[in-house]
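Q: From TrEMBL, for reference:
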- B:6-27: transmembrane segment (TRANSMEM)
- B:39-57: transmembrane segment (TRANSMEM)
- B:63-81: transmembrane segment (TRANSMEM)
- B:93-113: transmembrane segment (TRANSMEM)
- B:147-166: transmembrane segment (TRANSMEM)
- B:178-202: transmembrane segment (TRANSMEM)
- B:208-227: transmembrane segment (TRANSMEM)
- B:234-253: transmembrane segment (TRANSMEM)
- B:259-278: transmembrane segment (TRANSMEM)
Amino acid sequence: MITQVENPVLEIHDLTVSYDQNPVLWNVDLSLPSGKLVGILGPNGAGKSTLIKSIMGLIPPTSGYVRIFDKPLNDVRARISYVPQRESVDWNFPASVLDVVMMGTYGKLGLFRRPGKKEKDLAMQCLEQVGMTGFLKRQISELSGGQQQRVFIARALAQQADLYLMDEPFAGVDMATETAIFQLLKEMADSGKTVLVVHHDIHSAMNFFDWVIMLNLHLVASGPKELVITEDLLRKTYGGKLNLLTKVTDLIRNKDFNPLKS
Amino acid sequence: MTFDSNAFLIIFTGALIAISCGFLGVFMMLRKMSMTGDAISHAVLPGIVIGFFVSGSQRSLEVIMGAGLLGILATLMIEGLRKKAKVQLDASIGITFTLLFAIGIILINLFAYKVDLDQECVLYGEIAYLPIDLWVTKSGLNLGPRITWLAGLNFFFVIGFIYLLFKELILTSFDESFSSVIGINAKGVNLALMSMVSYTTVSSFESVGAILVVALLVVPPATAFLWTKSLMPLLQLTAALGILIAILGYYLAYWIDSSIAGMMVTVAGIFFLLSAIIKGKKPSWLQGTYKAAKPLGI
């Protein structure tokens, strides 16, 4: 079940990625429309993060290619934003919340130029969007996991990109914050930006995403949520993990099930 | 107490070197690469010998270039062993610098009849000879101690380097993959930093020696990091420690009539120990409490 689109924002063609000759992604071939909130779902070790990293050029592909806005990556770096996994950095680093968010503006500044008032204003605005204005001067080592995640999202916002790639932005974030951030991402998608999110909670995925990519080493599905979240495809993606699967199919049934009608 | 111009020059030079090393050391520490600095300071030896052999002088540009190239080679070897051969970082550092240092020793022995250079001089250095080693121009003008000029020039370059590449250094230290994504050349920034470390090491060799340069790269930043968690105070405190170390090191060495460089590092070590004891014992009520995040009002 793979839906290809015309004039894609992101086109991945026959992508195979391997670590030390062991392929971790096989022949992924998909395209994404603009202005959508896209979820990447799959079990642990399915290659979700690898897919994002190879889109960003952090891991060179064994074969295949990626085109973004119909151009190679190097031509469009300024239009792409990235939220790495929270654990990928050392949060003991001596920087304040504002320092980290300002880093989002560095790409557009270029070599040797220092951020000024314009960049600071932008960073403040982004902090406000994620509700972290009160933590401006706070050292990042003193933040909770959810707050760190919000700082990373604010940094991505400060890049003012058109395509956002987020690797597990909801890991360690409480439900209220998750919903609030999803709303924010939704607004971004509505204003024409494309947001790609690695996620593993199928329940909230069904509520929020417009488009879903299902991955388990191979590409299982890519398409509008309504077409893609089916029992058959979920079984293919998650394999034998029945407990999880039963819960999901129950959820789907409950949604269609209306006792008053029968 | 009368003004002792020799004492002042030694302390001034010592402080310049300590600050240059300390500033670079802060970034090495933030990249968790302090021991790479150690490796570089030893690995530059063959570069120095070759530069010396080519130019016939201990004070030539060739020596600094040779050392710089070897420093970069050492960095690339460490990275290569780690990424390509899957050797642990600490092991790859150990392999690289001992190998290059050993080659340096062999080269010194091979060229010993031509080269006025010995391990002692490279390893220990002697800042106390600074006032008698003057830079005199051809016309006979005395410009003061040569080593002070070298340290000053080095200081100037280090400050300029950090000023120009400040945001790149910070970003690549904090989040390397993010910096690659937004198009900042993390490898290039890293190599530039390593070259500066190599240059600083060589420039400081004659006065404080290879081993003590490592101490100045590692100890003041580590001490300062115990006291502050933000960057500007970290750099300021490192600089202040550098000056303090130079002053106390000089007078203590003078008092017990011993090596100035050795005493500077001993003082640095004592500062670190005291800081570790004081900060380690800090009671929980002094650390402040976390403020809960404001709920999102979107």
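For all residues, glycine too, the Cβ spot is worked out from N, Cα and C.
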Q: Which stretch, B:6-27, B:39-57, B:63-81, B:208-227, B:259-278, tops the Cβ pairs under 8 Å count with the transmembrane segment (B:178-202)?
A: B:63-81
Q: Using Cβ atoms and a strict cutoff of less than 8 Å, what residues sit near the transmembrane segment (B:6-27) while being 6 or more residues removed from its termini?
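A: Here the qualifying positions are 34, 37, 127-128, 130-131, 144-145, 147-148, 151-152, 154-155, 158-159, 162, 169, 173, 193, 196-197, 200, 204, 207-208, 213, 216-218, 220-221, 224, 234-235, 238-239, 241-243, 245-247, 249-250, 254, 260-261, 264.
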Q: Mind checking which residues reach the transmembrane segment (B:208-227)? Cβ under 8 Å, same chain, six or more beyond either end.
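A: Distal contacts: 14, 17-18, 21-22, 24-26, 28-29, 34, 37-38, 41-42, 45, 121-127, 197, 200-201, 233-234, 237-238, 241-242, 245, 261-262, 264-265, 268-269, 271-272, 275-276, 279.
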Q: Short question: which residues 6 or more past the ends of the transmembrane segment (B:93-113) have a Cβ under 8 Å from it?
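A: Cβ under 8 Å, 6 or more out: 35-36, 38-40, 42-46, 48-50, 52-53, 70, 73-74, 77-78, 81, 87, 119.
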Q: Spell out yes or no: are there three or more C-beta pairs under 8 angstroms between the transmembrane segment (B:63-81) and the transmembrane segment (B:39-57), with each pair 6 or more apart in sequence?
A: yes
